[in-house]
Amino acid sequence: MTTRTVQRNLWASAAVVLVLLLLWTDTTGGYFAAIDETETSKNCFCELEGSINDCSCDVDTVDHFNNMKIYPRLQSLLVKNFFRFYKVNLRQECPFWPDDSRCAMRFCQVENCEEQAIPQGIKDKGEHKEKAAFKYTREAQVGGSACSDGEDFDSSLGFLDTSISDQAHREFELWAKHDEAEEDFCIVDDHEEGSQYVDLLLNPERYTGYKGESAHRIWKSIYLENCFGGNNETANKFSNYVPHLDLRNVCLEQRAFYRIISGLHSSINIHLCSKYLLSESKDFLDPQGIWGPNVKEFKRRFSPETTSGEGPHWLRNLYFIYLIELRALAKAAPYLRREDYYTGIAEEDDEVKLAINDMLSVIENFQSHFDENALFSNGIASIKFKHDYKEKFRNISRIMSCVGCDKCKLWGKLQTQGLGTALKILYSEKLNLATESGLWDKPHIEADPIFRLSRTEIVALFNAFGRLSNSIYEMENFRCVLR
């Protein structure tokens, strides 16, 4: 064999080895190839690590705390009768524009609640007896005399009429409502004509097909008309939202407001992606179709490529609103422990009260709560900010009446009311006064305490927090699929 032949064979062998090596490297590139920093940085979760801005907590801590301790407890609690029936007005007219965009899809409709399905204790709660002025009515005075009706006592001469006239009662009622509404961060409509009980288990929050101009108008109104706004208007289609870099140039109150709305928006989008209509074919588990996670839709809503780099920051804002509502539950814990959670079903009522106490203890032991005192702490300017917050959130709850999909409207109203209740708790002077005076430690509390939440507010608070908890849990599932 000549030298030339040997060299030719060696070159051929080397070429074969090189080709095989290249093929092998390509197929195993997931393990051995150099990591492309550009590629790894462009995923939905690239910002979900480290400290949560404006909070003394990090993402991993919240993930573990929620997924291991809070989410399982909420799953068993929110199916109970006290929390599954929510009273809401879905017939309220839109106060901002003609209601011209009704969703005709069957998934937009709310399934009516059977009257007999609602526990009697909820229906017969006697809402008027919760009002501050009730104790002055004639009804409240009947049978309330401590005096003897003996023969030596002329009741007609000694009777002290402690009741008030119907006209005065109505005026007291208006004063009481006004005083209570002063601390509200949302519009409460459960007492209005047209309000009804809705079974939340029959109407889960999931994809309905409601989209297009009507849906965009809702969020555009919330962001543009209610947000404090940024200085830089970007040219892309996400100019309705404040770019995260612009948030560095605004004060904490403005930044927190935007992050709360953005976090709520992200949470709702995660619900739609995790409970997506995959097929309208009837399934034995759900006659309305086959539902499940849609990874493609999740990436479309949150990946940097489709959101001009903002999607991962929107996901990060979910943790911010979660910590706000978590802190509200911790602050209201002494009050919430005094609630009866009454439905008239004694065994279940006892179970709910035990479950509430257990979850509140877990929440109170969380080490990195949001510091609500960081907001509105700048003297006179803070008074105006606090007033603006209330007006803006009340306006957002009005906008929810403009949603053209009844099921979307239901969950939008519930979550904005839950958020409003959380803010009411965090910034209520009455709650601060009651707590500082040791009111919740007393064995007996007067029928009309200085601070009070209605049943509807409590139901909204826990269910809204349940939605945020569910979003963080579902996000971990998407993260596992996209790794």
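Quick reminder: no glycine exception, Cβ is built from N, Cα and C everywhere.
Features of the protein shown, as given by Swiss-Prot:
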SIGNAL    1-29  signal peptide
DISULFID  C44-C57  disulfide bond
DISULFID  C46-C55  disulfide bond
DISULFID  C94-C402  disulfide bond
DISULFID  C103-C108  disulfide bond
BINDING   R206, T208, W219, S262, H265, R301  FAD binding site
DISULFID  C227-C251  disulfide bond
CARBOHYD  N232  N-linked glycosylation site
CARBOHYD  N395  N-linked glycosylation site
DISULFID  C405-C408  disulfide bond
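For the recorded positions given as T208, S262, N395, the lowest number of other CB atoms within 10 Å of the residue's CB is seen at N395. Among the residues the record lists as binding FAD, namely R206, T208, W219, S262, H265, R301, the two farthest apart have Cα atoms separated by 21 Å. Nearest to C405 (disulfide bond) in space, judged by Cα atoms and limited to the recorded positions C103, W219, N395, is C103. Sorting the disulfide-bonded residues C402, C405 by the number of other Cβ atoms within 10 Å puts C405 first.
In this structure, C55 (disulfide bond) belongs to neither helix nor strand by DSSP; it is coil. The Cβ neighbour count for R206 (FAD binding site), using a 10 Å radius and every protein chain shown, is 17.
Between the CA atoms of C108 (disulfide bond) and S262 (FAD binding site) there is a gap of 23 Å, rounded to the nearest whole number. A 10 Å cutoff on Cβ-Cβ distances gives C103 (disulfide bond) a total of 22 other Cβ atoms nearby, all chains included.
With the fewest other C-beta atoms within 10 Å around its C-beta, C251 stands out among the disulfide-bonded residues C94, C108, C251, C408. Calculated from their C-alpha atoms, the gap between C57 (disulfide bond) and S262 (FAD binding site) amounts to 19 Å. In sequence order, N269, C273, T307, G311 make up the list of same-chain residues 6 or more apart from R301 (FAD binding site) whose Cβ falls under 8 Å from its Cβ. In the three-state DSSP classification, N395 (N-linked glycosylation site) falls within a helix. Neighbour count (other Cβ atoms within 10 Å of the Cβ, all protein chains): 24 for C44 (disulfide bond).
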